[in-house]
Amino acid sequence: MSYLKLSKTWAGYLGRKTELSREKEIILTYIIELLVITIVCIVCSLLLGQLLGVLPGTASCLFMIALFRHTAGGAHSNNPWRCAVVTILIFPLIALLADILSSFALIYTDVFSIIAILVGVVTIARLAPVDSPAAPIISPTRRKKLKTSSIAIILMATIAVVVLRQSSWTYAGEIQISLVIGILWVSLILSKLGHNLFFWIDRTFSMEKEVKEDEKIIT
């Protein structure tokens with residue numbers, strides 16, 4: 001993985017100040033890189049949500065799925081910046097779709113919410129937590145805790161959806177449906193279909209990168 005100059009500079013400075021070994025400095029570079037990517041993700045996603053006029057839905061969806069990511073895991077790109085681009089785009093789009101759906105009759109949004117929550121509960125109960133070959137969950141105790149936490153989060157999300165359903169707040173409908181679609185997104189990335197989706201994204205962009213590199217060599 002190639003790192004930003006900013007990450008290398010910070011890690012190098014902190015490494016010299018604390019007399020870290022080369023191996024620990026590389027680890028520190030990776031940590032700083034992830035921190036930078038996370039900040040960029042949050043800021044850009046919220047800015048895009050603001051531009052689309054769906055900031056409340058974007059923020060609520062971003063917060064809920066961030067919680068699920070730490071407990072339930074799920075599919076992701078093998079490139080952190082590629083994963084960041086997906087994050088920046090998907091949450092404002094979810095909020096935009098939620099804003100449109102929230103204008104539908106309550107009977108339709110209620111049925112949609114119930115189906116989505118049921119799908120989420122079943123998926124999380126069956127599949128969560130989903131680990132990766134790079135960071136396998138070895139401890140049965142930790143796996144059980146992560147599953148319990150994931151179930152607790154979806155229960156809290158369900159309560160939030162019910163409360164927002166009864167609210168007269170201007171953004172209640174947008175946030176409610178954003179959470180509901182967010183639950184479906186979590187269900188997707190926990191499933192085999194979600195893993196196949198990210199595999200396709202990685203393969204597609206990796207092939208494009210290889211083609212561009214080959215063209216540079218030829219020219």
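The backbone N, Cα and C atoms fix where each Cβ goes, and this holds for glycine too.
Those TrEMBL annotations? Automatic predictions, nothing curated.
Under the heading transmembrane segment, TrEMBL lists 26-48 (among others).
Residues or ranges marked as transmembrane segment in TrEMBL: 54-72 (among others). Residues 42, 45-46, 48, 91-92, 94-96, 98-99, 124, 127-130, 146, 149-150, 153-154, 157, 171, 174-175, 177-179, 181-183, 185-186, 190 of the same chain, all 6+ positions outside the transmembrane segment (54-72), place their C-beta atoms under 8 angstroms from a C-beta of that stretch.
Here the transmembrane segment (84-105) has Cβ contacts under 8 Å with residues 37, 40-41, 44-45, 48-49, 52-58, 61-62, 65, 77, 112, 173-178, 180-182, 185, 198, 201 of the same chain, all six or more residues outside its ends. Residues or ranges marked as transmembrane segment in TrEMBL: 84-105 (among others).
As annotated by TrEMBL, transmembrane segment applies to 111-129 (among others).
Marked as transmembrane segment by TrEMBL: 150-169 (among others). Residues 64, 67-68, 71-72, 110, 113, 117, 120-121, 124-125, 128-129, 175-176, 179-180, 182-183 of the same chain, all 6+ positions outside the transmembrane segment (150-169), place their C-beta atoms under 8 angstroms from a C-beta of that stretch.
The feature transmembrane segment is assigned by TrEMBL to 175-199 (among others).
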